[in-house]
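Copied from TrEMBL, the annotated features are:
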type: REPEAT; residues: 1-63; note: repeat 'Solcar'
type: REPEAT; residues: 73-157; note: repeat 'Solcar'
type: REPEAT; residues: 164-257; note: repeat 'Solcar'
């Protein structure tokens, strides 16, 4: 839904007023499974991407916190750790995002992930899978900085003793995702344009291919003005809230289990 609603010049049959209308019309005209298009490639990329993401975040957060505010929590350390972790996460996830978004566009010519990968590689080269990488980083570095700082701040308010508390992890994760998503929507619109190379939008771009964030920003403004930067903001917030709530809940659960087992082993010695 987010990919469709961020389209700058959609086909008449793919113009939606809100998220619910988009979902209903996609299911009605394209089938009940159409909104799930690209799920397999996303799941494939998410595993290694999130493993790098959280491992890097925890290590850097502890190291930087000890330097900046020994024995305490530092929002600067949290934000910096989130920014660096994003570099690794996006390097693993960017090709999957390109394939996913191309398969999600209206009238996408790709039936399978392998078809999309082969076609993009043959027609545009390997660089196409990382065409939006710098824009992805430009979006995700502030996104993750806001995300982690908001999450850690809310944890201080809702769970000051930092115990395992599923409800506080879910609420903090959902709110952090919503705030970060709304703030970085303009960058996400540009990233979607770079990934999809939307054909109708290309007509307003002299070079024939949209490359780089500055080029994407100009094209978005030329096609839709200032309001175009916030296309799909509702869908983006709705997507990020459960996504970040689930991610933090699962992460904190496994962190609790692994820490508890380690403590029991130490106690046994």
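Glycine too: its Cβ is placed from the backbone N, Cα and C atoms.
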Composition by DSSP (helix, strand, coil) of residues within the repeat 'Solcar' (164-257): 76 helix, 0 strand, 18 coil
Residues in the repeat 'Solcar' (1-63) grouped by DSSP into helix, strand and remaining coil: 47 helix, 0 strand, 16 coil
The repeat 'Solcar' (73-157) - residue tally per DSSP class, helix then strand then coil: 72 helix, 0 strand, 13 coil
